[in-house]
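Lifted from TrEMBL, the feature list:
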- His80: active site, proton acceptor (ACT_SITE)
- Asp81, Val84, Gly86, Asp88, Ser90, Glu103: Ca(2+) 1 binding site (BINDING)
- Pro179: substrate binding site (BINDING)
- His209: heme b binding site (BINDING)
- Thr210, Asp259, Thr262, Asp267: Ca(2+) 2 binding site (BINDING)
- Cys49-Cys129: disulfide bond (DISULFID)
- Cys82-Cys87: disulfide bond (DISULFID)
- Cys135-Cys335: disulfide bond (DISULFID)
- Cys216-Cys242: disulfide bond (DISULFID)
- 1-21: signal peptide (SIGNAL)
Amino acid sequence: MATKLLAAAVTVLALLGNGMCQQGPSPSPSPSPSGGAAGLAVGFYDSACPNAEAIVRGVVKKAVEQDPGVGAGLIRLLFHDCFVQGCDGSVLLDATVANPQPEKLAPPNLTLRGFEVIDQAKAALEAACPGDVSCADVVAFAGRDATVLLSATKAEFAMPAGRLDGRVSLASEALDFLPPPTSNLSDLTASFAAKGLGVGDLVVLSGAHTVGRSHCSSFSDRLNSSNSDINPALAASLRRQCSANASSAAGGDPTVMQDAVTPDVLDSQYYTNVLNGSALFTSDAALLTSLETKVAVLANAIIPGLWEGRFRTAMVKMAAVEVKSVADGEVRKNCRVIN
């Protein structure tokens, strides 16, 4: 392990010297309420609902303190929302007679968590400031707050707001735009590019796999493959966990921690896991299949604070994807149904 990281350090430092990788954390977004990407702004609700962010933060804090896994779920919820129809709360919509198959019923979304936290936050906001705060912004604030809590404030940042809630939610689009854990690097890059996100964003946002749990079915193909690059000791442990818990798990598909080292801490451990063959998914291992992504993985693993700074920036960028306009958006009264 030490030898591998030392070799990695030498490689990264050499590349840093050649200007291929920038050292040091990226600055956090400015706290100024001036306009940002997609017309969003930090402090958007300062006049209309001054306590909006504090209300969401309080609900999220209570939920994460009771179950850190909810925090991981809220970060994932933001990603899944933004990659389908943009960051518009469309993943929150329930099935109706008119739309029996919304996003949340698509296979990639059946394991999403945190809907009840969004409902609680929205109810509190409606009591304080009726009709002012969009569900899409609640999802963005909750993802930010979960990030801050799970990173022990090391990845603290300001989240611009001003999103509107979308009226379209289709399960078929979730299948089209959400990259599965079996994706190779080419597929991942294409999925992120379709949302205006680059390879750097892909590597940084993948770091969220350092928290939360995964169903065994998402990586079981790697456990029994003769040419799998997963760490043999970890593979054996995962086989035992998945087999032992299969009978008691709902649907016979048990879950395991995505990061066995620091399972409830949002940190850069994920990148060390990737280097050691200790990350779960094919999509994780794929980050070592190009020079550009491998260098980024190495840098995030060995340079203190680098990943946290980049993650703050990438979260803000992702949360501005395809924001709705007044023509195709609204502020929902109930996050589960359109007005």
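Note that Cβ sites are derived from N, Cα and C of the backbone, with glycine treated the same way.
A distance of 26 Å separates the Cα atom of Asp259 (Ca(2+) 2 binding site) from that of Val84 (Ca(2+) 1 binding site). Summarising the environment of Cys129 (disulfide bond), the number of other Cβ atoms within 10 Å of its Cβ, over all protein chains shown, is 16.
Annotated pair Cys129 (disulfide bond) and the residue listed as 'substrate binding site', C-alpha to C-alpha distance, rounded: 37 Å. Each residue in His80, Cys82, Phe83, Gln85, Cys87, Gly89, Val91, Gly166, Ser169 lies on the same chain as Asp81, Val84, Gly86, Asp88, Ser90, Glu103 and has a C-beta within 8 Å of the C-beta centroid of that Ca(2+) 1 site, without being one of the site residues. Measuring Cα to Cα from Cys87 (disulfide bond), the recorded positions that fall within 10 Å are His80, Asp81, out of His80, Asp81, Glu103, Thr210, Asp267. In sequence order, Val91, Glu103, Pro108, Asn109, Leu112, Ala174, Leu178 constitute the residues six or more apart from His80 (active site, proton acceptor) in its chain with CB-CB distances below 8 Å. There are 32 other Cβ atoms within 10 Å of the Cβ belonging to Asp81 (Ca(2+) 1 binding site). In terms of C-alpha distance, the listed recorded positions Cys49, Cys82, Asp88, Pro179 place Pro179 closest to His209 (heme b binding site).
When the binding-site residues Val84, Gly86, Asp88, Ser90, Thr210, Asp267 are screened for a Cα within 10 A of the Cα of Cys135 (disulfide bond), the ones that qualify are Asp88, Ser90. Excluding Thr210, Asp259, Thr262, Asp267 themselves, the residues of that chain whose CB lies within 8 A of the CB mean position for the Ca(2+) 2 site are, in sequence, Val211, Val261, Pro263, Val265, Leu266, Ser268, Gln269, Tyr270, Asn273. Closest by Cα distance to Ser90 (Ca(2+) 1 binding site), from the recorded positions Cys82, Cys216, Cys242, Thr262, is Cys82. Put simply, Asp88 is the one of the binding-site residues Asp88, Pro179, Thr262, Asp267 whose Cα lies nearest to the Cα of Cys82 (disulfide bond).
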